[in-house]
């Protein structure tokens, strides 16, 4: 971490003394990974007597849209990543209402699991997306968890169906592009349908899609065409996956409401939500 901090300051042409605020991801996530960043932030902020702020990782993803666009309130946010599949309603900065979440597996997690069973290298999401563009929806897989009136998601059944299908057949007998296309079509249709349901309940000025899976070309195309009557915001690909810029911009807005302190005892919150 020391080398990373030194390199970052060098590329930014800044000295530690010129930093105004130190922000670090406090959760959710794996506690070991969180502690690496938190311990480094505690020490850095203490050494240079800078205010310190712990930031919700999910808030960072939401504010990744603000890096290149101006969020217009109220807004609906779909966060899709390896660890999360959530719908949020935003009425103002840091005024966030959770509407729905996954009750089991997150979308990105399922992508990686299917890719592993197809012997595709990690990370599997981009490769499945590429293969899906070459295939057709010939398997007609179930659109899971739509026979209800809530805004939650469930992808464990779809994952199990695909894993069992691959296990029962020889990989060489499977049309992998068609299977990827069928899987991706199922997932995207579910995300689209749940988003449509949310929009019938909440009036918004923007629809924002963030998280690692927001880089998926099929998802981007589907949402841009399905919600053409609404301003749809996707971050650039570099801001979809985890990066420091989103934590920095989230901290900027968070600090305007909850001022950072000069207490250097931040701890990890692996189950942090809203």
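Backbone N, Cα and C atoms are what each Cβ position is placed from, and that goes for glycine too.
According to Swiss-Prot, the protein carries these features:
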| type | residues | note |
| --- | --- | --- |
| BINDING | 57, 61, 242 | Fe cation binding site |
| BINDING | 79, 80, 81, 82, 83, 112, 125, 129, 216 | substrate binding site |
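Everything Swiss-Prot records as a feature, shown here on the structure.
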residue: 57; record: Fe cation binding site; DSSP class: helix
residue: 79; record: substrate binding site; DSSP class: strand
residue: 125; record: substrate binding site; DSSP class: helix
residue: 216; record: substrate binding site; DSSP class: coil
residue: 242; record: Fe cation binding site; DSSP class: coil
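In the structure shown, the C-beta of 216 has more C-beta neighbours within 10 angstroms than that of any other entry among the binding-site residues 81, 216. Each residue contributes its Cα atom, and for residue 61 (Fe cation binding site) and residue 79 (substrate binding site) these two points are 7 Å apart. Using a 10 Å radius centred on the Cβ of residue 61 (Fe cation binding site) and all shown protein chains, the other Cβ atoms total 29. Highest local Cβ density among the binding-site residues 57, 83, 125 belongs to 125, counted as other Cβ atoms within 10 Å over all protein chains shown. The Fe cation site, placed at the center of the C-beta atoms of 57, 61, 242, has further neighbours from the same chain whose C-beta lies within 8 angstroms: 25, 58, 60, 64, 81, 211, 246, 247. In this entry, substrate is bound by 79, 80, 81, 82, 83, 112, 125, 129, 216, whose most widely separated C-alpha atoms sit 18 angstrom apart.
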